[in-house]
Amino acid sequence: MISQPAQKYRRFDAIQLPDRQWPNVVLDKAPIWMSTDLRDGNQALIDPMSVDTKMRFFLALVDMGFKEIEVGFPSASETDFNFVRRLIEENRIPDDVTIEVLTQAREDLIARTVESLKGAKRAILHMYNPIAPAFREIVYRTDKAGVKEIAERGTRWVKEMTAKQPETEWFYQYSPETFSSAEIEFAKEVCDAVTAIWQPTPDHKMIINLPATVEMATPNTYADQVEWMHRHLNNRDSIILSVHPHNDRGTAVAAAELAVMAGADRVEGCLFGNGERTGNVDLITLAMNLYSQGIHPGVDFTQMDQIRQLFEETTQLPVHPRHPYAGELVFTAFSGSHQDAIKKGLAVQKADDYWQVPYLPIDPADVNRSYDAVVRVNSQSGKGGVSFLLQQHAGFELPRRLQIEFSKVVQKVSDSSGREINADNIATLFDKEYVQVNSPYQYMGSHIVDEESHQVLSHVVVKYQQQRIELKGQGNGPLDAVAKAISEHIGETVTVADYHEHGMSAGSDATAVSYVEVKVGEHATVFGVGQDQNITTSAIKALLNGVNRFINGTNPEIVENVAAG
Ligand code: KIV
Ligand code: ZN
């Protein structure tokens, strides 16, 4: 980069439109969409699509609900010519879909283009010619009158040649190419001249398309240009005003949205923003932005993952994992505070209420994404994410303090590996750490006797140092009785500081899960978790597991006592 960019680059001269109306417009309906994936998008590929690939993409676009599809540039490419022929001859175009083809304003090219469409029920013939100063001066070495004449002459040829194929219902689209950098009054002059020749009517409109062939300025500037044209074009009631934003400054989506606010009726773009250089405007983001505001876009991206796969296979281009609404990671939270908020939001979100889950602009289920992908755990994650995955994946509903305790266990593992931990690993870790802690006491069986005096006698058989022993105790309830029995065995008071339980799964496989927070002497509490078909047994197992964890992990003295028997 140079130190004085002003010596090399000029600021874009915005047009004057002090009474602009677009900032006050609220979008309340979708524009007409035109997918140019098979033309502009295809022209930008390293390996352009074959006829078969184009057919696959076309049928997918139809399935998504696109009603206008630019299918190629038949005068420039034999593949495109053949593809248009196949679409027509194999009767692949649904009655409510109109195909569009592009041509330059040359007689032979228009003739070849019209020929490609022979037999089509309906078609949009799209002619363009560059009109901006750089093109006039450098590329065509002509003046304003010269480029205007190209547009007029081309339109006359289109009119004459299409009239000779009356079996097709023809629509005409004209693009003053490089509109974004052309003098605005001149753009209007050329478009008016073209309109005067074509003579559209309110019942049979023509399309005037205003391409930001190269995105030159901030989106508000493009919106001003579009509003100016919207207000000044002749025969506005006979024109469908279309925009075609490219993304050179990375603001094509905003430019398209503001352009529609400024009066555009139609938007041309590509899926995932494919297209020359930095691409055309991304139709998926545009449509989903509307959807997230409660406006149905009229196209359907429910099968987002399949659409992404189709796109990647047909274009050989990867979709960025953070691509809005569609990327692999866009509904995923790694950070602990985000996970916590999402988990709480999902828990209270009701199916028939407005969507209000923190950090998720739309419900991932609307684009067929499961909630599994919403929360992923790495060293940045906290208790919310860990317990959410454990609940989704293994059905455990941890009490809050256990969530905190277990998330530290998970964090330690992910910190030392430096990697993400998936739901399977989290469930295994939980099982090992809290449920299958079979030493020094391994549960083998129990017998609980409820005495009339409201005292309970417990007989718990455990495997201890390779031997089968019986722990006997008496207490206010089964857990209290077992705690007393263990207290006696380890020589320290064991009490139950907290207890939670819930059922898991339905039918004959139903089990109970118990979470016991155990306090041994004056030491900090530890958790144990038990699972069994019998609720009392699951509680006893949880207590033993808590004691085992305490002995194994925290207190060498007790370990010695226990070892001494
Ligand atoms: O970007 C552009 O100007 C074009 C035209 C052909 C409409 O693609
Ligand atoms: Zn383009």
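Every residue, even glycine, has its Cβ placed from backbone N, Cα and C.
Among Asp28, Asp37, Asp40, Asp480, the residue that TrEMBL places alongside His244, His246, Asn280 at the Mg(2+) binding site is Asp40.
Within 8 Å of the Cβ centroid of the Mg(2+) site, not counting the listed residues Asp40, His244, His246, Asn280, the chain contributes Thr36, Pro211, Ala212, Thr213, Pro245, Ala252, Glu268, Gly269, Cys270, Gly275, Glu276, Gly279, Val281.
The most densely surrounded of the binding-site residues Asp40, His244, His246, Asn280 is Asn280 (count of other Cβ atoms within 10 A of its Cβ).
Look at His244 (Mg(2+) binding site): DSSP puts it in a strand.
According to DSSP, Asn280 (Mg(2+) binding site) sits within a strand segment.
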